[in-house]
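The next block holds one structure in the form of structure tokens; read it before the comments.
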């Protein structure tokens with residue numbers, strides 16, 4: 001009897017794990033349609049990897065949101081109420097969609113992995129505790145921007161942003177303040193860029209952080225206007241976030257609808273040296289990945305697939321691909337951490353414990369993908385590589401990379417004239433001294449005169465017995481020569497720059513100047529006067545008897561004159577001696593010559609001059625009494641004091657304007673200079689210690705009101721005309737002091 005044996009093959013199929021995918025598969029110009037193929041490629045590659053998610057197969061239910069947050073929410077509800085249960089969410093593409101889904105999906109304990117949005121709000125773990133993303137938001141690049149400021153020694157900068165990126169700009173402002181950096185101002189690009197950049201220039205901005213969208217037209221408009229206003233190197237520096245690396249500066253690409261009048265060379269000149277802080281979308285460390293797929297292979301396969309499907313490749317395709325791998329690695333870690341008896345397929349929308357394990361696993365996920373190193377910080381943002389480029393001539397040069405706070409410098413930055421642009425109007429202390437060329441030339445002339453005087457003295461002594469010399473009184477001639485020698489020596493002493501010597505030595509030099517010039521003048525001209533007096537007496541004598549005046553008489557006259565000088569000088573030196581003082585004059589913004597460099601001195605003849613060329617430098621002038629006068633340098637002080645009072649009086653001419661009056665203002669060159677003076681001055685003081693006029697208006701007059709002496713009492717009224725105000729300063733005050741202050745331009749309305 002034959003028995004038949006039935007053979008049964010048992011095949012264990014992988015358990016499917018489902019994720020919800022939100023994509024834009026149609027519309028929006030096709031720029032996002034290539035995201036879904038990248039996700040599908042990642043799912044295939046994940047499921048082929050035998051060591052990952054053993055016993056499971058990752059599946060995706062994808063849907064088309066059309067870039068609409070309402071449709072995205074409808075599809076989310078549909079997927080939540082339609083089997084099978086989804087364990088995580090992938091996407092969506094647009095910012096508003098992500099915000100809506102992330103704020104809702106948390107109530108179903110669904111962790112979410114984004115791949116394209118950079119909205120800073122999504123970093124708020126209180127609102128979005130289950131949200132992660134493989135694209136770096138702008139705020140993740142803030143440490144790089146601040147690191148660059150520290151690298152170049154910049155302590156202050158302005159922020160210029162388009163309205164849609166206001167949240168990113170505000171986040172960066174907070175990070176700058178937290179890093180003890182000064183935010184000069186924040187300007188939004190809502191009006192004419194001409195007016196916006198002019199305002200930034202007028203308040204002395206030198207370093208610009210720019211947050212704008214990366215269209216070629218935007219960059220052309222920005223740097224064309226920067227060229228027109230001279231806002232480029234060597235005095236200005238631009239740091240642009242995520243700037244496109246195309247040939248936007250090519251004037252031949254300007255369309256008929258663009259109001260761009262700059263040439264290619266002009267836009268390249270304006271953008272020269274611009275620093276670009278940019279995230280990387282591709283692996284830049286050799287192309288190797290943790291999951292064994294080379295970056296070049298993925299790129300080639302992806303382009304072939306999108307070409308076959310007739311789709312436009314998505315620029316963020318590597319981020320989509322690595323987002324799927326991040327989900328796979330996180331679920332694989334979760335599978336290993338779940339308690340016995342519990343598996344991934346047991347997840348339900350009420351299972352907050354498994355959701356917590358999943359988010360913990362995502363937070364600890366770290367691998368190298370086709371988009372570079374992938375890991376996540378405490379708020380769910382990607383910790384990726386930040387690329388730092390510099391625009392030079394017609395291309396971008398990679399200068400450095402930054403990964404998790406570690407800079408890797410590739411090459412040195414290039415600056416015009418090899419000078420790093422300063423972050424402010426450079427302030428330096430300049431001493432009012434005699435110009436070196438003048439000092440050395442006068443010393444040379446004095447030495448020549450001393451040599452000539454010595455020759456005359458030798459000649460006078462050697463020929464004193466000759467009749468002509470004897471009749472000219474050689475003794476008196478010698479005294480005249482002594483006086484001249486003392487005067488010549490005083491020229492050298494007067495030109496000494498005492499700030500390089502000790503204070504004691506300077507006092508000696510000051511006293512010596514006075515003694516030398518006084519005695520030299522008295523001896524020389526006194527002796528000459530005595531000879532002239534003798535000739536006068538002889539030729540005006542009407543008597544028959546001749547008058548005989550000996551040299552002894554003349555020497556007596558000279559001695560009397562010298563005695564008077566010595567008595568005065570001794571009393572002056574003993575009772576009220578000269579003192580060496582260093583006086584600091586008010587800071588002034590002046591225009592300096594092109595050939596003046598740091599460390600140069602500036603002569604008194606240059607004080608207060610304003611040439612037509614714009615070479616702004618803030619200088620604190622210090623008058624040292626040793627620089628030409630031991631008295632009070634009254635002339636230099638007077639000149640600067642007059643300039644200071646002129647500016648000071650004008651800057652006090654504030655007036656408060658209603659919103660309807662702050663619409664159109666004019667800016668003159670003179671007002672710009674006053675503005676720079678004012679802004680530079682107030683940066684040196686604590687704003688809480690400044691006292692402001694609060695100026696209100698009525699139909700007939702402008703009247704500033706000072707603080708009332710006591711609460712409830714009328715304010716002290718001061719009549720003042722204030723129609724030339726540079727700034728309107730609005731203050732909100734309370735019992736504890738100034739609670740808010742903002743400064744807006746307040747030039748005359750037209």
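Note that Cβ sites are derived from N, Cα and C of the backbone, with glycine treated the same way.
Keep in mind that TrEMBL annotations are predicted by a computer and have not been checked by a curator.
Annotation comment: TrEMBL describes 630-657 as coiled coil. The domain 'G-protein coupled receptors family 3 profile' annotation in TrEMBL covers 445-577. If you look up TrEMBL, you'll see 438-459, 479-502, 514-533, 554-575 marked as transmembrane segment.
Only residues 6 or more beyond the boundaries of the transmembrane segment (438-459), in the same chain, are considered here, and those with a CB under 8 A from a CB of the stretch are 477-478, 481, 484-485, 488-489, 491-492, 495, 603.
The residues of the domain 'G-protein coupled receptors family 3 profile' (445-577), classed with DSSP into helix (H, G, I), strand (E, B) and coil, number 109 helix, 0 strand, 24 coil. Across the coiled coil (630-657), the prediction's mean pLDDT works out to 41.
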